[in-house]
Amino acid sequence: MTDQPAPVRLRSTLAGVPAYVPGKPPAPVEGVTSYKISSNENPFPPLPSVTQAISDAAQQVNRYPDMGVVALTEALAVRLGVPVEQLATGTGSVAVLAQLVAIACDPDDEVVYAWRSFEAYPIVVALSGARSVQVPLDADARHDLDAMAEAITDRTRLVVVCTPNNPTGPAVTEQELRAFLDKVPSDLLVVVDEAYVEFTTEESVSDALAIAQEYPNVVVLRTFSKAYGLAGLRIGYAVAHAAVATALRKAATPFGVTDLAQHAAIASLAAEDELLARVEELVGERERVVAGLREQGWQVPQAQGNFCWLPLGDDAVPFAQAAQERGLMVRPFAGDGVRCTIGETEANDRLLDVAAEWLRTQG
Ligand code: PMP
């Protein structure tokens, strides 16, 4: 990255667009295995059937992929019990989100979302020329949906509800989501970002797919990156009203979803039982880690994704540094907290050790 001025005219608003900060790769530390638990990735490698599908598809990379993503869309429609017309895919759900902003917002329109939440939101919104309206999370690091409803103006064109919320962890309840939707204008697009939905276990968690069938303004955003372990292939999708899905397909990068990604996703759906058993294992680890941290005295908010949140405030960066020295890459959000992905058992054990040591030496 360079701070040099560009030799050509670029949009003046670019200066205000934050850069996405990816999780750091594991830094080698002598004598220990390093682990990356900074990007909410799935620690399991792809299943052999998925690797096989990718290598079969690799034989044809001289050809463009199926732009209609037909076979995968059909498989998803069966799996989710929704008509194919209601599905739109994209190059990761972050790209589908950018498509949503593109179809909903004119310059200076407003996008309401909670903060702190997924760091791509302000970037995608700013790049489009729309404006972010960030509504603070409540004291339990949960969405304050009443305050979000109040933040809606006649310039609001999109609301994003992230559940479970990245990076803090809590999920919105069915009751909360329905009450919110009953309050907001029925022609306002509400995106429910469910990137981590497969990891939710609380009974009260909203069922946005069912809700989307009742509220035509609701779009459910999902991804193959987390529970299905295909982060590197970049594939996500939206379930939306058929007219919204059609608009989303128009806004997609042509041929953006590769053939490798399409076939890997189809193979993943076929092997879903195995993949969901892995998710269950990770959820078990999450419960173990969260219980261990709370026992140590940490105030960990409800964790419904594949990660947990340590509200360290100004100590976020020093904690991440201390973890890195022990071969553990976590994700600090300066002045706020640290997000730790649930990873391999040894990585989770290390996190518990690092957290205990932090309290012993700094607490
Ligand atoms: N939404 C949320 C809440 C996320 O945390 C992420 C990934 N970190 C995404 C969307 C994007 O996922 P992808 O683009 O890999 O599908």
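Glycine is treated like the rest: Cβ placed from N, Cα and C.
Curation does not apply to TrEMBL; its annotations are automatic.
TrEMBL has this to say about the protein:
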type	residues	note
DOMAIN	37-352	domain 'Aminotransferase class I/classII large'
MOD_RES	LYS226	N6-(pyridoxal phosphate)lysine
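Over the domain 'Aminotransferase class I/classII large' (37-352) the predicted model carries a mean pLDDT of 97. Under the three-state DSSP scheme, the residue listed as 'N6-(pyridoxal phosphate)lysine' falls in the coil class.
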